[in-house]
Structures are given as structure tokens and as C-alpha cells.
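One structure below.
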């Protein structure tokens, strides 16, 4: 049995929010790819991914197969960690602090408390503050984002609708967060107090967000990105990087598409480069219309707002 991975997120170096958010800052301008085995992890790293997300199944297969989706097998996570040198993330269920404790013990670099897996607690998210490993959490709105940050999340991503190959929900969530930040910037101190109560978030976090004009932590896009153009669209909307899951390894040419997606993150403002890297990528993953989904994963959040 291999020893837990020694990484930048070892216990002696982490624990404070400043350190954890600093580790997330190192991923800015990058792409994080979902992988289910060592071979896929190798493809992702060789393509230029800044990190990989270790999963039992990609989101498209989770949707297709149904049932309860849980944390990946620790052996699979360790195999992926032993294969690549880039940071390795892994998902735990919403509210499942025991899964998070196991993942921290394995030595993963980040934990994603994810709505893609079946929620374990419909009233509480994991208290992320005591953990030494940084957490990633999804958000559809400024309120959701700041609630997760108040719980200790060091990185936010749009929820989108993973496994659909349809970017519409990720765009909606990115625009919603941007819109609500602009509203906050226009409010007086007294009005911000009322807005914080309306959103169900700590006043100090809302004040900091209004002053910065952006979330106080790294904000990536996720959920349904399947083409270089999708990546460019979200980057131009102001996110710091992207997660891509089923869109790569459910496509006709994963190796070429992975490299193209990496180029799209770097050259998101250059239509010529985007056109070049978009050529001959093979068939994209088969997409789903989000309005026809029987359940939207993005709606999975604990009921408490404080």
C-alpha cells in the first residue's frame, strides 16, 4: 500500500484560510480535468491540465447510471496520485464530513464538496474550517458562493449542469454572480447590511466582495463545458479558470480535445487560435437539453442560509 501523497497541502503547511486560498490562487488561468483512472490522468497532465479531479465515474455516466453517487474508491485515488505530478482533487458528498476526513488522510490536494455526488446531508454542508486541505464548492449565486466561503471554501466554481455537455447553466450562474456583485458595489453601507441579510451571508464577506469587485477567492467555471469555444465564453465572462469533465473523455478524440481546451484557456481572447484548435477534434460528447432534466444537480444545497 502506498504512503499518502506528500504535497503542498501537508498538515504542517496548511490550516489557515490565507494559505488555503493561496494554494487555490496557484491554479488561476488553468484547466482542471475529471479523470477516472491513471491513463486518463496521464492524458490530462500531458495536455497541460493544472490539476485533475479523481472520480469513480465522469458526470455523464453518473447521470446515465443513476443510483447513489459516492466518493471514489481510495485505491483509485491513490493510483491517480501516484501517476501525475499535478495537484489531485477528489469529491465528497455535500455534508459528508467523514468522506472529507478520509480524503484528507489520503493526501489529496483539494476536496470538492460536490453536488455531482448524491448529497449526504440536506441541511448542512461540511464545516471546512478545521480541515487542512483546501475545499472547492459550487455556487449558482453570490449568496451561495459567500455561504460556502464562510464555511471555509478556498475556491468557488459555478455549478452548471455537469454531465450534460450543455454550457447554458454555467453561463447563467457566472452571469448571476457577476450581476449580484455589481449590485453590491452600488450600495451604501446601510444598504449592504440589508443585502447581506437578504442573501443570508456574513456582512464582512459581502463588504469585501463589493470592495474587490469580485469574489474574495478564486472562481472557476464548471458544468457542461465541451468545446474550446465554451471555455472561451466562460473565461471572457470573467472566471479564473475552468473545470472540464465528461466533455473530454466522452468525446471522439480525448487527447486532441484535451490539448485544445488547454489552449482555449490560455488564448480565450484570440478567435484565430480558437478556430485553429477547434478543427478536427472528432465528435463532441452527446449533449442534453437542461430544461428536460428530471433533476438539476445545481439545485442541491443545504437548506440553511446562515
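Just so you know, glycine gets a Cβ as well, placed from its N, Cα and C.
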Cross-ref Swiss-Prot: D-ribose 5-phosphate site 34, 224, 245, 246; candidate in list 95, 107, 152, 163 matching that site is 163
Which whole number of Å gives the largest C-alpha distance between any two of 34, 163, 224, 245, 246, the residues noted as binding D-ribose 5-phosphate?
-> 12
Cβ packing number for residue 175 (D-glyceraldehyde 3-phosphate binding site), 10 Å threshold | 13
Compared by Cα position, which of the binding-site residues 34, 163, 175, 224, 245 is the closest one to residue 91 (active site, schiff-base intermediate with D-ribose 5-phosphate)?
-> 34
For residue 245 (D-ribose 5-phosphate binding site), which residues in the same chain are close in space, meaning a Cβ under 8 Å from its Cβ, but six or more apart along the sequence?
-> 33, 34, 53, 55, 58, 59, 60, 162, 163, 222
What residue among the binding-site residues 163, 224 has the most other CB atoms lying within 10 A of its CB?
-> 224
Among 34, 91, 246 [recorded positions], residue with fewest other Cβ within 10 Å | 246
